[in-house]
Structure formats: structure tokens, C-alpha cells
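Have a look at the structure below, then the notes.
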Amino acid sequence: MCVQSIHSRMNRGLILYESFKCPKRCTSLSLTLHCMAPPTPLLSPNMNRKSENAKAWREDAIFLDSLQHYIAYLLRILGYTRIWPTESFSLLKMLLLTGTTIIFISALFLLLLAEILMLTMNINLKLFASVIGVISLHCTALTKWCYCIWKNRKIVDLVMKLEKCHVLCQRIDKSDEGHRIYRNEMEHARKYSNLFTWWWGGSCIYGVLHWSVNPFFLGMAPDQINSINRTLKKRIFPYIAWYPVNIDDTYNYACLYLMQVLAAISSALGTLCYDAFYVTMLIVICMQLQYINAIIPIKINFDNVPCSETTFILEDKLKKCVDCHTEILKFLKMLQIFTGPAMFLQCVDTLSILCLVSFEASVIKIAIDMESIMKLLALLEYFLLSAFELFAFCFCATQIEYLGLQIAHSVYSCRWELVDLKKKTYVVSGKQIKHCNIGRTVQIIMMQAQRPIVLTGGPFYVLSMETFRVIMSVAMSNSLMLRTMASK
């Protein structure tokens, strides 16, 4: 690879990295690099071709949309939770966010430790069912948040790789119609990802707050207040845990209750950050694959356009589709490596939660009183949110697999058979150009697209709607088995 090509790629990577770190700094930097004229190639025709490619990249970057516009809301959330590196924040703001993050993570860690200690001190089936699901949830949320902070450089690399896929998709068809179709697809991606982030974040915060305030309202019921000194007969906490201090003391009770609420919010934030990042990445890839499927079959007018020009247009489009599809596969492989450990923990956590929550709900005595109703509502919310989380992952993975397989059909339907495959050269704009075998290009991309894109949750779980159905069935079966064991 020539020095100029390496330098061009380094400049391109610098622009992408700076665009996500600080958009204001990127504007002047990118304009400076775009205005720099490449040096005249002196050594070989290969350097000429590579120089032209680098020049095309710089010219395209002026007109192409930036990925940052479509995932800006996600990057803002990751920046506030200290996952995405940002330089646009002031020093005071960064210190406040860092301190808040440390407080939230510490509260969640202390609550998780207290829950584990409580489980080791008192072992029975009912307590196990009540505590182990919550421990699993808090452990998964803590792991997600800490893992993302620890691997934040990997997240930056993933976003830069997705930016490359984004640019290659826009280069497939540079016509106004092609850009309009792609912008529509990416606007859908932005809308769906923001909708998921808002809805899932609001649901998580509401769920943990509802779970946290239930004991407070139950404790304030008339039958729970001592009529003599107007104090609570029993101190009730949102989560079952071991406490090293006297909880009958009002000050200790208030501090421990506040710590549990902070830990609950921390678990919601940790879950939201990881899930929003993963689902947003999958949604963007879905829309890019959908764009490829939509843009390839757009028919070229073989009747009114010279054969040489149609051959050039079709060959160029197919080559760019191969490049874009290859980069998407590389990105998904990187994403799979990054998310593998956390997704395995997520699948195990969801299976245990669905199983134990179903069992806990089945053993509650049905009664028309405030305690039973609030307990059932909390368990129902817990069950539905856990099921929806797994459903979102499996649905996006299934869509990617389906759209990936559809590319082979789309390529086969692009009327490539009308091209004169025997002709080795053609004339475009007065220039004689040698072309590759279009049939060979079609064969390559069809063979590549026929391999299904499979996303997994660790080494055992394949993310698909079939896996979602199986996990739900297994959870129901295990809950019935636990109920039978408890009744004996």
C-alpha cells in the first residue's frame, strides 16, 4: 500500500473520530482536509488509481450525510453515563457526571452484595425465588454498565465501522433518487431507535420506581401504623437484603431506603445504556440491508441508454454493493465479539427472571387487599419488561437474518442477464474501459448473501424469534415444576 493511501485513510479515520468526539472541531478539520489537493502521482498507474479513489472519498464526504445525525440521541445518553468519550462538556460537567456515575454504580454494587449475603444466610425455596431473580437483574445491569465503560474504545471503533458502512451505502447509487431512498431509510432508523430508547428508558425507570415505592405505601397503610406512638410496625424495603445497622432507627431506615432507590435507578440506567446501543446498531444495519434490497432491483433502462453505459452503471453498482455488504458483515462480526459476554449473561438472566417471577406469582394467595394487588402488579410489570427486552433483541436479529438472505434474490432480479457478458471492453464518454465479468460479481454476492447472518447470545443462544418462543415455554414449564415442588 502506498504512503499516500495510508495517509488518506488516516485522515479519514481522524475525521470520523473527531466528528463523534467534538462536531465543532470536526468542521474546520474536515474542510481543511477536503481542500488539500492530493500530490501528483509519480511512481506507477496503481498510485494513480489509489489517488483517484482517495480523491473520490474526499469529494463524497462533502455531500454525504453523517451517521452522527441519526444516532445523536444515543451518543448523548452514552456521554452522560460516561461511556462515550466527549470533549464538548466542560470540566465541571464532566466531574459532576463522573461523580454521579460512581455514586450510582457503588449503590448498585452495595445492594447486590447485601442481597447475596442475605441469600447465603437464609436458604429456602420461597426466599430463593424472591431474591435470586432480583440478584440476577442487578448483576446483569451492573455488568453491562461497567463493561461498556471498560470497553468504551471498542464502542468508538464500532461506531466508526458503522460510519464506514453508512458511507458505502450512500455511494451505491449517487442519484437523487438513491439518496432520497437512503435518507428515508435512515430517518426510519432514527425514529425507531429514538422511540425504543424513550419507551424502554421510561419503562425501566417507571418499573424500578414503582417497585421501590410499593413498600412505602404498604408501610403507610392504617393497619401498619402503631396507634400509640404513630410509628411503623414493620420496616419494609423494596429489596430483600442484609443490613449491618439497626433498621428500626428512622435515620438508618431512611438512608438504606434511599440507597436502594438509587441502586434501582442505577440498574435501570445500566440496562438502558447497553440495550439502547445494541438495538440502535441493529436497527441501523436493518435499514442499510433494506436499502440494498431496495436499490439493487431498480431497473436500468436498457432501451434508451447505450449498452456500454448500462454495463458500466450496473457493474459499478454491483461492485459497491459487494463492498458495502462485506463491510456490514465485518461490522456485525465486531459487534458480536463485543456483545457476546453481556448477551450470554442477558439470556441466562432473562430465563431465570421469567421462570422465578412466574413461580412467585403463582404461589401468591389471591385476595382483594392492597398488598396482594400491588405485589401482583409489580410482578406483572417485571415479567412483561423482561420478556420485551428479550423480544427486542430476537426481533432485530431475525429481521437482519431475513434481510441478509433477501439480498441474493434482489441481486438476481437486477436484470444482469441482459448485459453482453462476452464483451470485455466498452466505451463510456469516449474512453475505452475494461470491465470484469458481471456474472462473476453476481455469483460472488449471491454466494455471500446465501449464508444466513446469525447473531448469538454467547456460545449457546441464537437470537431469533424461535429462541424467544422456546425461552418463554421453558420458563413457564420450570415455574410449574417449582410450584409442584413447593406444594409438597
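Residue numbering: from 1, along the chain as shown.
Heads up, the Cβ atoms here are built off N, Cα and C, so glycines get one too.
Of all ranges given (195-213, 461-479), TrEMBL attaches the label transmembrane segment to 195-213. Counting C-beta pairs under 8 angstroms (sequence separation of 6 or more), the transmembrane segment (251-269) fails to reach the transmembrane segment (276-296), with fewer than 3 such pairs.
Stretch with the largest number of CB pairs closer than 8 A to the transmembrane segment (343-364), among 95-121, 127-150, 195-213, 276-296: 127-150.
Sequence-distant contacts of the transmembrane segment (195-213) (same chain, at least 6 residues past either end, Cβ-Cβ under 8 Å): 73-74, 77, 238, 260-261, 264-265, 267-269, 271-272, 275-276, 279-280, 283, 377-378, 381-382, 385, 388-389, 392.
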